[in-house]
Amino acid sequence: MVLLKPSAFSKSPKLAPPQQGGFSDSLIGDTVEAADAFIRQWVSPHLYDSSSTSCSLSSLFSAENRGEGRRFLDVLAKLHYAIQSAGLVNPDSAKLAQARELMQTAMKYLEKEFYRVLKSNRRFLDSESISGLSSNEKAEVNADADAIEDLKMIANCMISSGYEKDCLKIYKKLRRKMIVEALSNLGFEKLTSAQMQKLEWEILEKKIKGWVRLAKVAFVTLFNGERILCDRIFSTSSSSSSVSIAESTFIDITLPSALKLFVFPITVAKCRKTAEKIFPTLDVYQTILHVIPQIEQIFSYDSTASVRSQAAESLEKLGESVNAMMIEFQSSITKESSKSPIPGGGVHQLTRYVMNFIVFLADYSDSLTVIIKDKESSLPLPEDYYNNEENPENAGSPMAARLAWLILVLLCKIDAKSRLYSDAALSYLFLANNLHYVLTKVRTSNLKVVLGDDWVANHEVKVTQYLEKYEKMAWGDVIASLPGVSTAAAKAEEALRRFNKAFEETYKKHKNWVVPDPKLRDEIKASIASKLMGGYTGFYKEYPVGSSDIVRFTPEDLNGYISDLYIGLRGSVPVSTN
């Protein structure tokens, strides 16, 4: 409004100047009077004293007073509007000063209410409850929703009234404390990389197990719940900066803790690369790999890109470490230098160790698929064992090729160790035992899925071939010496003598040979029995025991001796004196 100064030459009576802000003062005066009357119903008179820290007379946002709480916020919204309007017209108005003082008093009370709602509903506002709002406990879900709605309305009122800093200070302080406490309860330790590198591996391995449990809860529940809560409470609150209030609040509460979590995996990746450390390292890698979708969703802001990059860097470093450990493991197989043959041609301890190791590796197939991106191997294989059928390049994926390669390195080593036996038959039994053990481990683990049915079928054929060669070399002479029912009586005695001698020598030699797998042991004995028992039984019917001192065994005796084979028994048969 423009006021014209009266002319000095005017002869009309002097008019009194209009009262500035008359309408606005009247408006704000009415608003202040109505607001003051309502606010005094809830706010202790002591709170009007700026030096007082007294609390309110009653909780405005309790369940029974929630309707009044909404009305309280409406009153403050009107008061804020009146203050803004009056400030434009008459900024020096006494009524305006009174209104601002009343607003400050109300905000001080509202600040306490905001804190009370946050703290008293802590059980409903913990990250687990927020992350699982689909809970079947309806009453708790409702309490949760009411608390969030109260906080949202209070925050909107405070922020729109210019008290953003006060509101966020309370929220950030309390929620940050909850995050730190939750992580501490999960076992999180604030160790630096230097401190962790000084730990013994056994201690660090225990801490790895704790970190794996912690990280799953932190990213799936803790940080996720905090993101949801920030978005719900501050979703409609505007900010003067390019970063939303919900975003900036979430960052201030979670970012420091999230980044500290990744100090651990990067430190684990720096540990000395030995084969026994690969599985704890894979545990850390797999944990991060599995929570990557949550990390990308929860920390999706540009301002939280550091968390995503730390997760990616952790995977990269851990993957490099796992690759180095696999190379070290492969090298340890080729460098194994024991020269003592396994008694009885049993399963070599190297076979047991390597296959158990590879079986565990197969349980991490999803992680190894990401880590192993090519089919290259760093160590050569003996030329006499390498052929197209065994070539790991034929495996379907780089990961499958690498595991197939490790098994092939083992089989090459076992092939070399079979040459430590002076008896060729025992060499083939040793090869059959060890390859059968390998196959059993593959069939009964995730390796069967990784390597496929064709791999299994090809190696089953090899076991059969080893057994055929063993049987021919070990029992060929016995089978050849077996007298038939058509043997002439004059030659029967000599034929039986040859059979007795061959069987006794073979039995003596083989009684200490072993086949650890019961099923394979029964198959071998059944094969031998099928080739001996029919012919010998027919002969025995023609020349029963007692008809000649050369007849040493009944068919039942012969079958019993065969049954005693390959189980380490120390029984023996009488030695022929002829």
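Using the three backbone atoms N, Cα and C, a Cβ is placed for every residue, glycine included.
Per TrEMBL, region 'Disordered' is recorded for 1-22. The domain 'Exocyst complex subunit Exo70 C-terminal' annotation in TrEMBL covers 210-564. Per TrEMBL, repeat 'HEAT' is recorded for 291-328.
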Quick test of the contact rule: Cβ under 8 Å, at least six residues beyond the ends. What residues does that give for the repeat 'HEAT' (291-328)? 215-216, 219-220, 223-224, 227, 243, 247-248, 250-251, 255, 258-259, 262, 265-266, 268-271, 273-275, 277-278, 281-282, 284-285, 361, 367-368, 370-372, 378-379, 402, 406
Please average pLDDT over the repeat 'HEAT' (291-328) for the predicted structure. 95
With DSSP, how much of the repeat 'HEAT' (291-328) is helix, how much strand and how much coil, in residues? 35 helix, 0 strand, 3 coil
